[in-house]
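According to TrEMBL, the active site annotation covers 192. Per TrEMBL, Zn(2+) binding site is recorded for 191, 195, 201. The domain 'Peptidase M12A' annotation in TrEMBL covers 92-296. For 443-546, the entry in TrEMBL reads domain 'C-type lectin'.
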């Protein structure tokens with residue numbers, strides 16, 4: 001699933017630390033040895049190459065950021081921290097100044113360039129159909145850019161390689177997305193469209209190091225920047241866990257100088273075969289895209305109820321007419337976990353499916369994480385056999401798949417007698433205390449106090465009140481910042497100004513406000529200054545305190 005562009009900026013304090021190659025292998029010996037044991041067969045010569053491989057072969061490494069992202073000169077300056085100094089230069093390296101105008105809330109108008117071959121055009125059509133059917137984003141094909149009521153028009157064409165800009169680049173009539181030779185697959189097209197819609201790469205998340213280790217010593221010289229990560233302050237992933245198999249994740253050997261060794265190592269070696277290689281967006285990708293575009297009626301869990309508790313039948317959920325689409329749900333009594341191990345996965349030989357990323361087939365297993373949103377663990381190699389694992393809940397989901405013929409497998413399970421920990425939710429946490437800020441970030445301008453130190457809505461409100469002031473009511477500033485408008489009684493209450501004055505809906509951006517359990521506070525948007533957007537109150541924004549006149 002992708003990292004969301006709207007809230008990430010590059011931060012030099014968050015660069016990946018560099019370990020020499022010997023030091024990395026010595027410091028991570030256990031993980032490296034476990035991954036080495038997997039020993040998957042390389043993909044056949046005629047297998048599709050990854051986006052990074054295609055672009056690298058074309059010599060695009062020096063032009064593109066993170067393998068497939070094209071930037072304007074100003075965007076690149078911000079990304080690498082070379083923009084002119086401002087009072088927020090440290091965290092302004094790659095945050096669009098006009099968010100959320102970089103999102104396509106009025107729909108995506110697009111055109112097919114004659115340079116595309118039919119295979120590429122078909123892949124793009126299928127990728128658009130996927131995003132269109134699984135989100136509320138609208139797509140409109142035009143034959144001439146002048147037919148589109150809004151700029152820019154997304155132009156799909158066949159240049160060298162696979163690449164895209166990030167988000168909507170306002171001010172341009174045409175915005176290019178390249179689906180060149182070697183890029184003509186639905187997965188690649190869906191990935192590049194996701195960039196254009198506002199997604200970044202998964203392995204750039206601020207919390208990446210909690211899930212993977214990067215062997216920087218095995219990265220090609222000059223390509224180390226492709227593994228920089230982003231600041232926690234601006235990288236908001238809608239509380240979704242890291243997804244190894246999301247459409248926006250690199251393969252584990254992308255940018256490797258020695259492709260016999262990974263660059264990306266999972267801290268849980270059992271997930272190594274799950275890194276990258278997605279053919280279509282995963283549920284997690286869909287979930288995050290719907291949050292990004294506030295498609296609150298979409299992307300929610302559907303319920304499948306199956307009577308398959310231990311002692312009540314085999315737990316088989318399958319249409320025997322379509323054996324390629326099988327899912328087994330193994331359910332323990334409430335309050336208990338399931339222990340399991342896999343003893344075989346294959347077709348007609350023990351290593352017949354043991355290819356990199358389980359490319360041709362294997363078994364996908366879900367239940368090892370506290371959340372069901374990320375994809376599961378891929379199993380296809382003998383080194384993964386006979387390792388006992390335990391689910392996080394009382395449900396284990398087993399999904400075999402195969403793109404050639406069939407997948408046979410043996411999975412052994414038993415009910416863990418030790419009960420699950422209490423699921424009573426903990427008491428709500430208080431709003432975190434803001435980190436210290438400097439006087440240079442607080443500007444007294446007479447009637448107003450302007451803060452360029454970003455805080456959550458409640459922290460900003462408290463800060464103003466401490467000085468006998470309040471969040472400013474009617475904004476006229478020229479960039480995004482909190483205003484004194486929120487739902488004081490929860491999501492079902494009406495919006496109210498914090499001073500109790502009357503409120504109307506004249507200034508909302510088109511299509512807003514929308515109901516959401518997490519979006520209750522209001523920010524003034526971009527250069528317009530008079531357009532409002534309801535967002536999560538726990539995001540951090542600039543704000544303005546208005547001095548209250550003495551009575």
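Any Cβ shown, glycine's included, is placed from N, Cα and C.
Since we're looking at a predicted model, the values are computed, not measured.
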Practice item. State the count of C-beta atoms found within 10 angstroms of the C-beta of residue 201 (Zn(2+) binding site), not counting that atom itself. Key: 25
Study note, to complete from the structure: Least Cβ-packed of the binding-site residues 191, 195 (other Cβ atoms within 10 Å) is 195
Review point. For residue 201 (Zn(2+) binding site), which DSSP three-state class applies?
Key: coil
**Study point:** Averaged pLDDT, computed only over the residues in the domain 'C-type lectin' (443-546)
**Key:** 67
Revision key, fill the gap. Same-chain residues at least 6 positions away from residue 192 (active site) with a Cβ under 8 Å from its Cβ, in sequence order, are 68, 162, 163, 164, 177, 178, 179, 183
